[in-house]
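Structure record follows, encoded as structure tokens.
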Amino acid sequence: MKALTFMQSHNIWADSVTYSELLKCCISRGALREAKLVHKHIFSNGYHPKTFLINTLISMYVKFSLLDDARKLFDQMPERNVVSWTTMIAAFANAGLGYEGLRFLVLMGRDGVRPNMFTYSSVLRACSGLESLKQIHCGIVKDGLDSDVFVRSALVDNYAKWGELGNALVVFNEMETRDLIVWNSVIGAFAQNSDGDEALNLFKRMKRCGFMADQATLTSVLRACTAMALLELGRQVHVHVLKYNRDLILSNALLDMYCKCGSMEDARFEFSRMVEKDVISWSTMIIGLAQNGFSHEALEIFQVMKSSGTKPNYITVLGVLFACSHAGLVDKGRSYFESMEKVFGIKPGREHYGCMVDLLGRAGKLDEAVELIHNMEPEPDAVTWRTLLGACRIHRNMDLAAYAAKKWEDAAQVRKAMKGNNVRKEPGCSWIEVNKQIHAFILRDNSHPQIDEIIRQLNHYVQRLKGVGYVPDTNFVLQDVEGEQLEDPLLYHSEKLAIVYGLMSLTKGKTIRIRKNLRICGDCHLFAKLLAQMENRNIVIRDPIRYHHFQGGVCSCGDYW
DNA sequence: GTAGATGTGA
């Protein structure tokens, strides 16, 4: 403003370029009041601002989140160019008004203004469905704008957003020039859609093309390792991470990787040396500790978190309740649950109720658990009933089990109907990392090159275990509802094959780490427990829900899962 | 001389 007054006092009139510079200055300093004064000044003295200056004004209001003011200016413009339209479309997309953004694309066409690559990359962010995405894609090709990196990048992101990873990859592969951001985009897309394998392939391709990974790349690669529980590869990525420091997101991803790979020593070390911690860091650690069977430590960390001044959120409280249920701390869990709204301002959601059902059910308070389900505000779903069913199995309450099973089935039906009728049951699959190679064992699939030797060894171990009291247990009717199918021979469940392969190929003393796509069945659990003791080995099995650390004949889950 | 893209916790 001083500049403006100075110019006036010397009788120099500002032109559109000067005004525009002044506005940019206001935006960078966050000075809305001054920007408004400039706005007023522009429209005084009969000055006719050029289109680009009004565009700057619009963008100023957008940056201050004053969409209505921006819209008003836009409506009053004598003529609008591509930039005017694009600025509005981008603003709508950012404000979550995608529909309005798409409407503006049509309107600009009627106004005789042709969209350019800037327009399309904003329109793509406004896009709210696969159908419109395909239409926009056609428009891009028709307008000959599909070679722009930004547009392609937005297309890749969008296809990934709607689960169309194949299309995302096609669009990506067709690109003539790629930059680091597109690489990060496509790697992130696969990592987020739990296709860690493809994410890691792309990462290798990227390096072959001569690109240097940055924090965003490494974060996605870590996420892929995390999903696949690849500890060794994760450690390698960690070495790259050391080249960068103080990126909170990356540190959080690293922390989660160690937790999910079941290596709590590394996780604790990483956590202790993080200079900056946010709610995600704390939650990751709390959940990681709880899932790996260190509930008391998780609750201690929660206390430290509160005194550090970081406010817990929905997910943090979930981790805390999970820790309580895991350690059987009924009173503590109940008091956290009952006070969470008052103390932390977080309304209990379905997942919090689920944790409480788990906690109460596990402690044998089945009546209280049922009462909680009946009175809960969010609608109980299949998972809620499945939790109660698990508790019934532990406490051998057949009547309640039948009731829970019925309700579970009803809820699952609804879910099935929503998803469409072709929900196929996945075959059981386990993975183990040996010498940085992933070995997959799939039920009824004998393609592993050493399968004959593995089965021979497995039979051998089973015979020896029978000598110390192992009885293959086929009676898991209630518990096995989401596990491997009953008619499948228990003996060849994939985790057994993976464990035996681990014993065969990993050096003595090395922990055997296995990841599984389905929940472990009781027989395999017993098998792992006894084998860990007999062979004096640590075995860690991660199923979709929790971790089992087998050591010296016991499991960290306390035989409840 | 105004408008556009990527990564973390259940």
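Note: Cβ is positioned from N, Cα and C throughout, glycine not excepted.
Feature annotations, courtesy of TrEMBL:
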REPEAT    A:15-49  repeat 'PPR'
REPEAT    A:81-115  repeat 'PPR'
REPEAT    A:179-213  repeat 'PPR'
REPEAT    A:247-277  repeat 'PPR'
REPEAT    A:278-312  repeat 'PPR'
DOMAIN    A:469-561  domain 'DYW'
Near the repeat 'PPR' (A:179-213), which same-chain residues lie under 8 Å Cβ to Cβ, leaving out any that are not at least 6 residues past its ends?
149, 152-153, 156-157, 160, 163, 165, 168-169, 172, 219-221, 223-228, 230, 233, 240
Tally of DSSP helical, extended and coil residues in the repeat 'PPR' (A:247-277):
22 helix, 0 strand, 9 coil
Can you count helix, strand and coil residues in the repeat 'PPR' (A:81-115) using DSSP?
26 helix, 0 strand, 9 coil
How many helix, strand and coil residues does the repeat 'PPR' (A:278-312) contain under DSSP?
27 helix, 0 strand, 8 coil
DSSP helix, strand and coil counts for the repeat 'PPR' (A:179-213)?
26 helix, 0 strand, 9 coil
